[in-house]
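Novice: Per TrEMBL, the features are:
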type	residues	note
TRANSMEM	25-47	transmembrane segment
DOMAIN	41-292	domain 'G-protein coupled receptors family 1 profile'
TRANSMEM	59-78	transmembrane segment
TRANSMEM	98-120	transmembrane segment
TRANSMEM	141-161	transmembrane segment
TRANSMEM	181-198	transmembrane segment
TRANSMEM	205-224	transmembrane segment
TRANSMEM	236-259	transmembrane segment
Amino acid sequence: MEGANHSRVSEFVLLGLTDSPELQIFFFVMFSLFYLMSMLGNCLILLTVLFSPHLHSPMYFLLSNLSLIDMCLSSFATPKMIVDIFAQHKTISFEGCISQIFFLHLFTGTEIVLLISMSFDRYIAICKPLHYSSVMSQSMCVGLVVASWTVGFLHTMTQLAFTLYLPFCGPNVVDSFFCDLPLVIQLACIDTYILGIFMISTSGVIALISFLLLLTSYITVLVTIKDHSSSGSSKALSTCTAHFIVVSMFFGPCIFIYVNQEVKTAVKKKLIRQMKKNKINIFKILTSHLKF
């Protein structure tokens, strides 16, 4: 009955990046430039692929879709973060917070599968060149993109399935500049330790397994390239190197954030249990001394 009397949180307070005026100006300029450069660069890729007939190939079709996802991934929270940098009271509605979580996992899940599709395209092109045109057909390319969005949607729905039914009755302060799932579920009015570990583990394991699959794929491609010495092989090497750099820059922070969050959560729980145990021991010692 007590839990039923709690009112549901209608908004969350975001602590942002910093309260220092000097750093706020620095972050505003830096993130504004990075955001504009990212959007302009990805728009340029999309327009170049769209209006260049000689680039209408499976590799550039997947690359243009990757640019589209990057634009979406950059836009789900960055504009609000930039606008809120100088705000004294940074808030976001409950629905807006859930929307940020939804789009974050939708776009990241989609991009992971699309990166795997791009590595598959390079594997077929370099290791099975005679079968490339038959394997990487137009229907296959469209199917890979549709599969990427489908997996991304299923992933984000599994992450939100439990979150939407959690009771949020306070506190409502999120120690970040956007709504991140591990931070938000900690604000629920019930113990979410097991749920948090499950969500963090699934996202972290998916990212780690996907990265290992991509790493294995690119190693296989590089070994194949090593056995051939030609201008075509050097071009393939430069392409695969660029792809792998993008993959590393994408998966590195993902794996670090979720593994670090899981470790911090586990350590925090262990410290709390240890403190409770120490309190009990101290109470026992004081009680025994008082008896004398």
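The backbone N, Cα and C atoms fix where each Cβ goes, and this holds for glycine too.
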Novice: How about long-range neighbours of the transmembrane segment (59-78): same chain, 6 or more residues beyond its ends, C-beta under 8 Å?
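Specialist: Here the qualifying positions are 31, 35, 38-39, 42-43, 45-46, 49-50, 100, 103-104, 107-108, 110-111, 114-115, 117-118, 121-122, 125, 141, 144-145, 148, 177-179, 239.
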Novice: Quick one: find which recorded stretch in 25-47, 98-120, 141-161, 205-224 has the most Cβ pairs under 8 Å with the transmembrane segment (181-198).
Specialist: 98-120
Novice: Given a Cβ distance threshold of under 8 angstroms, which distant residues of the chain, six or more beyond its ends, lie next to the transmembrane segment (98-120)?
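Specialist: Non-local partners: 59, 62-63, 65-66, 69-70, 72-73, 76-77, 92, 144-145, 147-149, 151-156, 159-160, 163-164, 178-181, 184, 203, 206-207, 210, 213-214, 217-218, 221, 243, 246-247, 250-251, 254.
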